[in-house]
Amino acid sequence: MRTHYCGNLNKSLAGQTVELCGWVNRRRDLGGLIFIDMRDREGIVQVVVDPDMKDVFEVASQLRNEFCIKFTGEVRVRPDSQVNKDMATGEVELLATGLEIINRSAALPLDFNQTNSEEQRLKYRYIDLRRPEMSDRIKLRARASSFVRRFLDENLFLDIETPVLTKATPEGARDYLVPSRVHKGSFYALPQSPQLFKQLLMMSGFDRYYQIVKCFRDEDLRADRQPEFTQIDIETSFMTSQEVRNVTERLVHDMWKELLDVELGQFPVMPFSEAMRRFGSDKPDLRNPLELVDVADLVKDVDFKVFSGPANDEKGRVAVIRVSGGASLSRKQIDEYGNFVGIYGAKGLAWMKVNDRAAGFEGVQSPVAKFLNEEVINAILERTQAETGDIILFGADKAGIVSEAMGALRLKLGTDLELTDTSAWAPLWVVDFPMFEEDGEGNLHAMHHPFTSPLGVSAEELQANPAAANSDAYDMVINGYEVGGGSVRIHNAEMQTAVFGILGIEAQEQQEKFGFLLEALKYGTPPHAGLAFGLDRLAMLLCGTENIRDVIAFPKTTAAACLLTDAPSLANPASLEELAIAVKLAEKKDA
């Protein structure tokens, strides 16, 4: 039906007759001529309809926004005075010789000239996606997927599919369950990742695997999460963690260069402990210059229990953030930041303004200064390298609360005070994660997943002191977003059984849930390691947006609903009966 895309017309086509298909972006009647801005996925071109072409002119006079149309015409170069430098096709226009209305459009439920609500945009997503901004994002995502396949194919990785209907395994979130009609009362689970199948592929001898795959997690959503999401899943045999990092870093480096013409450089590597100490996060945004500084040793002997208590608690932490020029913050602003850290469990936010650094103790202003002697204050000023005009903000509590609260405050200050360089790219690797983390009841949980190999310890050593072990795991972080995570996997049954035991999974449960894996580990399993990227998050960063819904064609809401199709919906009673399922809804309690 067409010979060219609207957005691809240029001066090299001058004098040629072309056929275009697309939509009316805008219609203007000027000086007896009709001008149509015609749009397709590649862009917009101006079409001129001359009244001398009576039949065409008559049809063109009926056009309204979003009519689906076909134009035939001659490409001609615009006079210099009429060149539109704001359009990629601004040097040319199409002189129409034929026009067909393929389909008319009703009045649009969205107005492209104003901001529409998120609900309306999702309900009429097929219209929202016509906007050039949205179309460009989906196209860039497609280019990213194509690049990944090409890169991995060239590096001898095999694209292998794994099952979607599989067995529920504990991977940190709730599973989406699918009832079996044949095996009544039994359920499949949609995969949270292809983790075990890709490990089994390594045991099968396919030493370089990849897959761009849908995964599913029934968890509470936020801006960078969806119930169904897309992973770039990678697994290798006979490669160390360093070698896996090298090839996947090169993938991202080359992707940014090809798609954005951005040179990322070599990614720095940072241990988990350093990331938490300096930034209060295992996915630090290195574009932000603010850092956490520990001062527990300086305040452990003061009479102020708010500081000395955590300073003398082995599970406590006292850390500060020095904000250059922050002494200009008002008391109201400081109180608002105090309320902000309260969201993360902090009991308050002590502060100290440095009005005159040269005056030392006499030059600071703080409600807690009276509890601190001159020696302590001078030591804090020295350690933080504070200068006149700065403010020092204090966090003192359990280490986890301080790290999370002050880490979040660091990000907020970076945004509010425009300290974060939003034009920069700051990738890094975070490595040497703890093997396990403790919940509030003292139970250990795998920080990544239970198939991650510990770093440099035997099964016996791990069992003797599991809380001290680190894992051979690694996360790729870009601008404060974890875009990929992976690890070396356990490749012998003894270590895997030991890890299950530490996690409180008894022998019988191990066999019920993971018997197939433990059996497979008996038969010459190679050492293997891998990584999975979140394609949605990568695309989000590439497109310069902050919400993965912007780079997914048909996303869900934060309530995991599809406003376009009204999913999820009630099932047909006959279907439920066939599956031997009865739905019992919780009764609403009277107020």
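Just so you know, the numbers here start at 1 and follow the chain as drawn.
Every residue, even glycine, has its Cβ placed from backbone N, Cα and C.
Small disclaimer: the values here were computed from a predicted structure and weren't measured.
What Swiss-Prot says about this one:
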BINDING   Glu171, Arg217, His448, Arg489  L-aspartate binding site
BINDING   Arg217, Asp218, Glu219, Gln226, Glu482, Gly534, Leu535, Asp536, Arg537  ATP binding site
REGION    195-198  region 'Aspartate'
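In terms of DSSP secondary structure, the region 'Aspartate' (195-198) contains 4 helix, 0 strand, 0 coil.
The closest partner of His448 (L-aspartate binding site) among the binding-site residues, by CA position, is Glu219; the full candidate set was Glu219, Leu535, Arg537. Mapped onto three states, the DSSP output places Glu482 (ATP binding site) in strand. There are 14 other Cβ atoms within 10 Å of the Cβ belonging to Glu219 (ATP binding site). Looking at the region 'Aspartate' (195-198) alone, the prediction's average pLDDT is 96. Across the structure, Arg537 (ATP binding site) and Arg217 (L-aspartate binding site) are spaced 16 Å apart at their Cα atoms.
Leu535 (ATP binding site) carries a helical DSSP state (H, G or I). For the pair Arg489 (L-aspartate binding site) and Glu219 (ATP binding site), the Cα-Cα distance reads 25 Å.
When the Cα atoms are compared, Glu482 (ATP binding site) and Arg217 (L-aspartate binding site) turn out to be 17 Å apart. In this structure, the C-alpha atom of Arg217 (L-aspartate binding site) lies 15 angstrom from that of Leu535 (ATP binding site). Within 10 Å of the Cβ of Glu482 (ATP binding site) there are 17 other Cβ atoms, across all protein chains. Around Arg489 (L-aspartate binding site), taking its Cβ as the centre, 23 other Cβ atoms fall within 10 Å, counting all chains.
There are 20 other Cβ atoms within 10 Å of the Cβ belonging to Arg537 (ATP binding site). Long-range Cβ contacts of Leu535 (ATP binding site) within its own chain (separation 6+, distance under 8 Å): Arg141, Ala144, Ser145, Val148, Ile212, Phe229, Thr230, Gln231, Ile232.
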